[in-house]
Ligand code: HEM
Ligand code: HEM
């Protein structure tokens, strides 16, 4: 949205709506003083500010990553990406899928509200972090695949693995679509406006799917172990259940951070407000 649109003139009433209407004057695109009539939608208010929720995302992310590392080291014999111990290579899978894929992607999603700077610099950080998350997801999946191949176990038979493949394919498509729509801006402005809500929708969808896939992964691993020598109420089983629950809490808090409106910046740029779609900006 051009900066001039942020200087609002007083609200006028719209007889056909109970929502207040504002007349804005634009100095770009529509002529020096063309009025732009927009309906102001009420902004979603959750009664919490963004900062503590963002802090909770950072803290919970580090905590969950530390707990997963503790699990694979204290209970599962360690973790590696090299060497001839397939079980230890598998252990890199949960570590990377949460720490590298889900956590990095969460931070990427929050960048528009946590970083200050120009819009283009925020886009650069957002898309770079999403690219890193995607590449790390490939490394994490490779670890599970290598474990299977080295141990003569079938591949891609479980719902977890199907959802996992679906998630990373969705991420890939989302990245490519985001790159050409918002970075190279290869499409018309009106198309960008139409794409943006879908970008947010599929971005949240892919993210939630990643969290669900990870939870299924924990369930699958602990069920494998419980069908062996691990007791139903063994401390390892309870520990992993707790970690999976914390992953769910982490996902909830991240989605809340997306929905909470960002604090206004001085240059007038504001990240998307979900209840305020008319205010999307794509410059
Ligand atoms: C978003 C996160 C995750 C994704 C996208 C994902 C994806 C995958 C994929 C594609 C496979 C299939 C590998 C093959 O068949 O060769 C796999 C296997 C596996 N993953 Fe995950 N994973 C994720 C997180 C986790 C987590 C946190 C755990 C917890 C331990 C886990 C446990 C497993 C297990 C036990 C297997 C082997 C059995 C199977 O193929 O289903 N995964 N994962
Ligand atoms: C897998 C890759 C990606 C995912 C999962 C993703 C996800 C998201 C999500 C959830 C939001 C909403 C953030 C919020 O409202 O607080 C968002 C906003 C946005 N994303 Fe992405 N994104 C991805 C890749 C990209 C790429 C490659 C670009 C290219 C620059 C991009 C550009 C944008 C822009 C311009 C916004 C709107 C920012 C604003 O509020 O003004 N995204 N993305």
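Cβ coordinates come from backbone N, Cα and C, glycine included.
Listed in TrEMBL:
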- 1-30: region 'Disordered' (REGION)
- 50-73: transmembrane segment (TRANSMEM)
- 56-259: domain 'Cytochrome b561' (DOMAIN)
- 93-112: transmembrane segment (TRANSMEM)
- 124-145: transmembrane segment (TRANSMEM)
- 157-183: transmembrane segment (TRANSMEM)
- 195-219: transmembrane segment (TRANSMEM)
- 239-260: transmembrane segment (TRANSMEM)
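Same-chain residues lying 6+ beyond the ends of the transmembrane segment (50-73) with a Cβ under 8 Å from its Cβ atoms: 79, 91, 94-95, 98-99, 103, 106-107, 110, 113-114, 236, 239-240, 242-243, 246-247, 249-250, 253-254, 256-257, 260-263. Contact between the transmembrane segment (195-219) and the transmembrane segment (93-112) is present: at least three CB pairs lie under 8 Å, with pairs separated by 6 or more positions in sequence. The stretches the transmembrane segment (157-183) and the transmembrane segment (124-145) meet in space: the count of Cβ pairs below 8 angstroms, excluding pairs fewer than 6 apart in sequence, reaches at least three. Over the domain 'Cytochrome b561' (56-259), the average per-residue pLDDT in this prediction is 97.
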